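Engineer: According to TrEMBL, the feature NAD(+) binding site maps to 14, 15, 16, 35, 88, 154, 158, 184, 185, 186, 187, 188, 189. What TrEMBL records for 154 is active site, proton acceptor.
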Ligand SMILES: NC(=O)C1=CN([C@@H]2O[C@H](COP(=O)(O)OP(=O)(O)OC[C@H]3O[C@@H](n4cnc5c(N)ncnc54)[C@H](O)[C@@H]3O)[C@@H](O)[C@H]2O)C=CC1
Ligand SMILES: CC(=O)C(C)=O
């Protein structure tokens, strides 16, 4: 299955992106690991190769459109096609609404919002050229369904990702390109280490307490692993999801409903 199909995952040197890369690699895709961090991108790609998965790594900063165009070009030069593009890279920011600065806002929007749009554009241009359809998959969040205290800027970026997903789905459907998003809850990656620290400072909590407080609301009684997200992304990347587009789906263990 998926022989000769190529998946690019941004921000896949670690965390959820790495989990997605491992799962899509198992599903038979050739995997392009891309990250702003060259060292982690190379390491993850080598790990996949050691598991028998065809893989390469390319450095790209998603906040620069030319990097994403070049990422797609380099992939096509090496493998001939792009079938799945996962806009996974994203950053967090913890701040109260009164303290968010213009500089902070520009940084997080440049990566989470502009970066996702640049990824959609670069992938769609290539997929349209190929004429065989494709799957564009974006990283949203529970914070794209409801905004959270101290995560105002981050939540705003994830609401925007949901908007890109809906618009791109409508505009690209005639080219047989589906566009969907995954919305995880609380995944124990380095992103949550930073959020835990930031919230801890604001709320006077010890290390780990903000994470635990958020985790209390999970119906299934445990926080998420990257593999929990990757299992769902595997479906979004497969023909089984061909009749689904424009959706930002909660995969959060039951934090939010509806
Ligand atoms: N960890 C969580 O609980 C949740 C995470 N998400 C989303 O999932 C995605 C992945 O998050 P995690 O794996 O937890 O984060 P992480 O911080 O562990 O990993 C993010 C990766 O993106 C890379 N990156 C950062 N800025 C970049 C840039 N400008 N260009 C290219 N790569 C860049 C980093 O080097 C890193 O490898 C993000 O979009 C995040 O918003 C959504 C919901 C929950
Ligand atoms: C990091 C993230 O999306 C949340 C809300 O946990």
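Cβ atoms are placed via backbone N, Cα and C, with glycine included.
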Engineer: Only counting partners 6 or more residues apart, tell me which same-chain residues put their Cβ under 8 Å from the Cβ of the residue listed as 'active site, proton acceptor'.
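Structural biologist: In sequence order, 92, 93, 94, 108, 112, 141, 143, 148 meet the Cβ cut-off.
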Engineer: Within its own chain, what residues at least 6 apart in sequence put their Cβ under 8 Å from the Cβ of residue 187 (NAD(+) binding site), listed in sequence order?
Structural biologist: 15, 16, 223, 224, 225, 226, 228, 229
Engineer: Any same-chain residues 6+ apart from residue 158 (NAD(+) binding site) with CB under 8 Å of its CB? Would you list them in sequence order, or say none?
Structural biologist: 112, 140, 141, 143, 144, 183
Engineer: For the binding-site residues listed here (14, 88, 189), which one has the lowest count of neighbouring CB atoms within 10 Å of its own CB?
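Structural biologist: Ranked by other Cβ atoms within 10 Å, the binding-site residues 14, 88, 189 bottom out at 14.
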Engineer: How many neighbouring Cβ atoms, not counting its own, are there within 10 Å of the Cβ of residue 185 (NAD(+) binding site)?
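Structural biologist: Around the Cβ of residue 185 (NAD(+) binding site), 24 other Cβ atoms lie within 10 Å.
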Engineer: I'd like to know which of the binding-site residues listed (88, 158, 187) lie near ligand 1, counting only a CB under 6 Å away.
Structural biologist: 88, 187
Engineer: When a 10 Å sphere is centred on the Cβ of residue 16 (NAD(+) binding site), how many other Cβ atoms does it contain?
Structural biologist: 27
